[in-house]
Amino acid sequence: MDMKKNNKYRKYEKITKKIKQNIPKYKEMSDQELKKQTKIFRERIEQGEKLEKILPEAYGVVIEADRRILGLKPYDVQILGAVILFFGNVAEMKTGEGKTLTATMPMYLRALVGSGNFVVTANEYLAWRDAEDVGRVYRWLGLSVAVGVKKNEYDKELDKQIIYSSDIVYTTHSALGFDYLLDNLAVEKEKQYIQGFNFVIIDELDSILLDMAQTPLIISGAPKLQSNLYVMVDKFVKSLNFSEDYDLSEDKRSVWFLEEGIKKAETHFGVQEILSENYKDLYRHAVLSLKANYVFKNNRDYVLDDQEIFLLDEMNGRKLQGTKLQGGMHQAIEAKEGVEITNETKSMGSITYQNLFKMFKILSGMTGTAKTDAEELRETYGIDVICLPTHKPIIRTDHEDIIYLTHKEKILQSLELVKDSIKSERPVLISTGSVSKSQLYSNLLLNSRIPHSILNASTAYKEKQIISEAGKRGAVTVATAMAGRGTDIKLDKFSERHGGLIVIGTENMTSERIDNQLRGRAGRQGEPGDSYFFASLEDRVVVENAPDWVKKFRKKQENLSSHDASRQGILKKRKYKKLVYKSQKNKKNQDIKMRKDTLDYDDIVSVLRKRVYAARNTVMEAQAEYFEKIIEKSFEEVISTFVSDKKNLETQKVSDFIFNNINYSYDREELKNLKSIGRKATANILVENISERTKIMENNLSNKYQLNYYRRVIILKSLDSLWIDLADGLVQLKSVVKNRNWAQHQPLYEFQIEANRYFTETIEKLWLDITRNLLLSELFVNPDGSIDIEFP
Ligand code: ADP
């Protein structure tokens, strides 16, 4: 690994040295004295002293507190890592090097300035474990710590007020994202909880910022009108034949109708020109169904659990809770599997993790594996990856990949290795590419009478237990990829003395980085260990990403028998050895492109989102004069827009308009005798009606607090409902522009133009919505003075 020391690295080393000089001083202090330092630091900060200046002392205090409270004395590399984090970098530290402890130093120092500081972990369990563990140190030193997620589903409701006002919060990426989106749907200042985005340490940063970055986080709200096309279309799609009616791309990730399939669809549904505007919806459903049936695979992309479809986390095989594919894809899969079709919902707000974490003043992270993707992290987030040496040298042996022609040969060979390992009674961890493959592998082991544990999506609750056994003498564990599990495999005495854990990857994953995560399960903290990868030309990553000649080559080889001597040697050639690596590289480039794409679109949405959220915040904090100004403006805009269209001046139109937007009990007879009226007169009539109606509404309210509340809620809710429609519209728009098949088509540019047009239209609607909601809502004043508002 590249251990080049650049200027930054040297600077951090220097600071580390300084910190170490401070340690003896704090060692001598009494508990009381040590605890008092927090107050002293806070005072110094108040006087204007920079955190950077206080760092060497503050770190010294935490180091001593870590020792007294946890009984752990941070190693030099941990202190260095802690400095790296403070300055907003990614610290690459191997598994088992003690990231949890490392975080205590920068967290403490950054939190001295108050709330808005987060440690983001990959799951709820880790947030709780870490907060309970090292949380003791912060508390002892006088800082407040909270956990932003429930411990389990039976846990009591969270008190977000307390959580987010704490100095330090341990939470997950999705909890933080959802709370951010929810905060921006609140109608009262007190219901907005997050106090700021000051400092964040993302644990397993790569799995959050890279692996999860392709799907934006979405808050779903009101159900949309249900479509019954899913089931209808599914039956038809199931009757189609490959290469006759539809075709798949080589990587099997895209599918499309062939001429014949289109014809069949037209006959089947009894329509002409199914591709025309008239049947747009039918055709869209057919395309979704085609993808659901022929691209998505049960047990690889999703699992069926109790008649429900759950997506799977590609990396660790876990069920993704509460995540659904958008745009009807989820419903198409439900139709395919014959389970109940769930509601499609409107998105009430969405954000990518990239844009969520970019809001932090200082973004930092820790992971065992980021160097391979350092360039992307630098470009997207402006953060550097800095590799740390391990506390003790790594003595694990990473064996060279072994590549086979077929999947079957490879698996049988890997099984031989398992058998050998068992003879020596060393613990073995076998990783497979998917949940279904782990089950197949488990069957193979059973047939060979090898007892083992299996770790995958369906046994998530037993995970911790199984991991705690996995390093013991003779243990055999089969797992789906191990990324982000964050639980480290500890060896027992026997295993440590007899060569440590043997990691066997039965399939290279989609990226080198993820393979490295698996290798890192062995040989932690200078322990012995071995890692092997078995690859074949039939592996998913190769099939989907290898250069074209591989396919032809495979075809040719199929004719040779498996014992053919010429075959055995073939794959030892360099060209084949590099294949996995090359495929991974291709895939990585595609992934980078996709993430960039997601981000490019979200950047456009983000500009609009920020404008809306900023407007919301202004309204939230505004006083009476502001509301009056907005309301006046709304009325003016509504009136002038209405009268500017000559057609509107017919009396019928005017009375309809009043009836629908200003006053339900408007007496339409009033205008009946007049045939047409002028602009000025119409405007006057509207003004009259609006002010009359305003008086009636406001008569319900007995004081200015109620009046302000009513006005604020109306303005906010009008803004929100339009933003929700806009955000949802933008999700649809994105898929429309991306699927357009025009020459010289620039989807992103088209998206930008149309998104801005949507936005302008939304603002025009806003004035009318505010007017309508102000004048046509029903108000109920409760005995305690609070108000319920029912919108028209
Ligand atoms: P990582 O997240 O880097 O894989 P953890 O934070 O889970 O590692 O720590 C791994 C183990 O190492 C834990 O059991 C922890 O208590 C131990 N550990 C961490 N730092 C030290 C230290 N300075 N001295 C002794 N043990 C440590």
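Backbone N, Cα and C atoms are what each Cβ position is placed from, and that goes for glycine too.
Taken from TrEMBL as is:
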type	residues	note
BINDING	Gln78, Gly96, Glu97, Gly98, Lys99, Thr100, Asp488	ATP binding site
DOMAIN	1-562	domain 'SecA family profile'
DOMAIN	80-242	domain 'Helicase ATP-binding'
DOMAIN	410-568	domain 'Helicase C-terminal'
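Those residues noted as binding ATP (Gln78, Gly96, Glu97, Gly98, Lys99, Thr100, Asp488) have their most widely separated CA atoms at a distance of 17 Å. In this structure, Thr100 is the one among the binding-site residues Gln78, Thr100 with the smallest number of other Cβ atoms inside 10 Å of its Cβ. Taking the centre of the Cβ atoms of Gln78, Gly96, Glu97, Gly98, Lys99, Thr100, Asp488 as the ATP site, the nearby residues of that chain (Cβ within 8 Å, site residues left out) are Met93, Thr95, Leu101, Thr102. The number of other Cβ atoms within 10 Å of the Cβ belonging to Gly96 (ATP binding site), over all protein chains shown, comes to 19.
Of the listed binding-site residues Glu97, Asp488, the Cβ environment within 10 Å is emptiest of other Cβ atoms at Asp488.
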